[in-house]
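A short write-up of the structure that comes next.
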Amino acid sequence: MPGLNCRFYQHKFPEVDDVVMVNVRSIAEMGAYVSLLEYNNIEGMILLSELSRRRIRSINKLIRIGRNECVVVIRVDKDKGYIDLSKRRVSPEEALKCEDKFTKSKTVYSILRHVAEVLDYTKDEQLDSLFQRTAWVFDEKYKKPGYGAYDAFKNAVSDPDILDGLDLSEDERRVLIDNINRRLTPQAVKIRADIEVACYGYEGIDAVKDALRAGLSCSTENMPIKINLIAPPRYVMTTTTLERTEGLSVLNQAMSVIKERIEEKRGVFNVQMEPKVVTDTDETELARQLERLEKENAEVDGDDDADEMEAKTED
């Protein structure tokens, strides 16, 4: 079956001042020819004068064939199909918003395209109809093309009744819900940071323990923090959460508390690795490190009684 195609949004053309995602197809004397990815790959052009605010010394440093770019629409002739675009007029903030909108809209597109394939649709018109009866309904309802459908689909993971008002057959509804759940069900991520905490004063060991406990107190019920000793003075902090941004924030907050507490005792605090989402490979390597250190420490008398500190619910 040939691949089905459809634009992301109900309107067939972008409006002037819209920031859109394009893919560069070719570069000519006049400028760069691009495909508007959100509008079923209709053609547009970035004039050379709209590539950069600075003098152009090398076009290839500004734009390359095959690369995606965020550009702003400066002219649309719907009758002739001409779309003029500018790269130099897009601010960094606008580019970030464009990337976010494109990512979410592409997710909705992927879900509906897969629904169409599962249901053996063979014509682009059938996919277009599916968009009209689902994604574009929510885009229009919330007046947010791209975001409306994504937010509605995401909420449908926990509340499928959101889809009740849509004009769908039983098969369409069933397959749509299955695909929404498969693509948008939140996945837990593990976030890790590596720190060094030390205090060489008379009560140095107690000062370190006190600082780490203060960091652990930043744990929440949904985001428990763990702190493991790698090798003095280095520790690894981890938390597992469904909310990536909040998880990063909680670890940063805990690190700030540890830093403040240990420095009150004239101790030392250094960040060896900023909080980041870690992969299974990272975790496997960390587990090997901890296992190796555990074996080494088992041979040493007088080990500290805790290589791992976990958040506790004690008052």
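Each Cβ is built from the backbone N, Cα and C atoms, and glycine gets one as well.
For the domain 'S1 motif' (17-88), the model's pLDDT averages out at 90. Swiss-Prot lists 17-88 with the feature domain 'S1 motif', giving sequence analysis as the kind of evidence.
For S49 (phosphoserine), no same-chain residue that is 6 or more apart in sequence has a Cβ closer than 8 Å to its Cβ. Among the features that Swiss-Prot reports, phosphoserine is placed at S49 (among others), with the record citing similarity to another entry.
Sequence-distant neighbours of S52 (phosphoserine) (same chain, 6+ residues apart, CB-CB distance under 8 A): L62, K87, R88. Taken from Swiss-Prot, the feature phosphoserine covers S52 (among others), and the record attributes it to similarity to another entry.
Sequence annotations record features per position, and here Swiss-Prot assigns region 'Disordered' to 292-315.
For 299-308, the entry in Swiss-Prot reads compositional bias 'Acidic residues'.
In three-state terms derived from DSSP, S52 (phosphoserine) belongs to neither a helical nor a strand segment and is classed as coil.
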